[in-house]
Amino acid sequence: MEATAASTSLPDPGDFDRNVPRICGVCGDRATGFHFNAMTCEGCKGFFRRSMKRKALFTCPFNGDCRITKDNRRHCQACRLKRCVDIGMMKEFILTDEEVQRKREMIMKRKEEEALKDSLRPKLSEEQQHIIAILLDAHHKTYDPTYADFRDFRPPVRMDGSTGSYSPRPTLSFSGNSSSSSSDLYTTSLDMMEPSGFSNLDLNGEDSDDPSVTLDLSPLSMLPHLADLVSYSIQKVIGFAKMIPGFRDLTSDDQIVLLKSSAIEVIMLRSNQSFTMDDMSWDCGSQDYKYDVTDVSKAGHTLELIEPLIKFQVGLKKLNLHEEEHVLLMAICIVSPDRPGVQDAKLVEAIQDRLSNTLQTYIRCRHPPPGSHQLYAKMIQKLADLRSLNEEHSKQYRSLSFQPENSMKLTPLVLEVFGNEIS
């Protein structure tokens, strides 16, 4: 043990490839690392240290050219020491007794400090780990990264009237009277165990010459397709929200209020997964479903919404959130006690506090610096940005839906969640 403590070891090249056997340069035994500037075993390291400290003078009883091996290294100390020097071992690397003691004390102090840091470092509780696991599962069940369901929407129509590789697919048509009770439709959507389609729409396999597939070449040609996309996304947000721990403890009225007020914000948050900063677009699997600023404008939105939306997407992307942080942020966004119309604000706040504490603890535990620097504050600022985007979206939506020719292209669920300006 004394020999070990007195050693000064250099970085060991053998650490880069542990499959390569390390051999002592003195006797050929298994080496344990670089000691006193050479690769040696523990035995030869200790022998060299003792010899140098004692200033020992050895004489070879033979011809001064003994071959040193693991088995005979004790037979000729002179040739063993000569071999140590020949391979580069240096007495300058040997610590004095005082230096050895200081080194031991430093090592002990460092271990104690690390143990203290570890004891003070926040850890995710079992409950917090459970919350994260539930939210991850909820997200995976309600977000399809293949975007396969987009093929069931009314086709995207760009300004040249093309629909890309569009071919006749099952088309979406309203069932019954679109002015029927949309509150019932919304409540039905909320109660669905796994919302996977439009509760208010029927899929039918009409032929391509059916009037319902007539391509819209109006200035708002992308409105039907993006209305279906938003309606689909609302269903998925509902499915995600229902799995948030504590959300089901709220009254149905509060659940609906929270979902109506946060739906577009969560859709914007979720869309960040498909957003690419290469060309500032949302890439949803194919060229047909790659959406840029022009596409959004052809659904009736202006630069007053689009520009801050793009800025928001870029800023959120640059945070490089872990998936765990992303799902927690979505849940916190939904469960906000300050939404207008919330009745049991205290219960909503308690649920949100639990989610917020989990997020803060996760960041401290799992998100290494420098990315974690003020990350929680930056994420909360993103929620504030979403409120502004929500307000502008509502303003533009009201203007859009006030026109019957546009309102009729929306789905009942969209009209219910965002409001129907047509009486």
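Even glycines carry a Cβ here, placed using N, Cα and C.
Mapped onto DSSP classes, the zinc finger (24-44) shows 3 helix, 7 strand, 11 coil. As annotated by Swiss-Prot, zinc finger applies to 24-44 (among others).
Within the same chain, residues at least 6 positions away in sequence whose Cβ sits under 8 Å from that of Cys41 (Zn(2+) 1 binding site) are Cys24, Val26, Cys27, Asp29, Arg30, Ala31, Thr32. Marked as Zn(2+) 1 binding site by Swiss-Prot: Cys24, Cys27, Cys41, Cys44.
Long-range neighbours of the zinc finger (60-84) within the same chain, counting only residues 6 or more positions beyond its ends whose Cβ lies under 8 Å from a Cβ of the stretch, are 24-29, 38, 40, 43-44, 47-48, 51. The feature zinc finger is assigned by Swiss-Prot to 60-84 (among others).
Cβ neighbours of Cys60 (Zn(2+) 2 binding site) (same chain, under 8 Å, six or more residues apart in sequence): Cys66, Cys76, Ala78, Cys79. Feature annotation from Swiss-Prot assigns Zn(2+) 2 binding site to Cys60, Cys66, Cys76, Cys79; the stated evidence is similarity to another entry.
What Swiss-Prot lists as region 'Hinge' is 97-126, and the listing cites similarity to another entry.
Taken from Swiss-Prot, the feature domain 'NR LBD' covers 127-419.
The motif '9aaTAD' annotation in Swiss-Prot covers 412-420.
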Chain-internal residues near Cys44 (Zn(2+) 1 binding site), provided their CB is under 8 angstroms and they sit 6+ positions away: Cys24, Val26, Cys27, Asp29, His35, Arg73, Arg80, Cys84
Other CB atoms within 10 A, centred on Cys24 (Zn(2+) 1 binding site): 24
Secondary structure content, the motif '9aaTAD' (412-420) (per DSSP, counts of residues): 7 helix, 0 strand, 2 coil
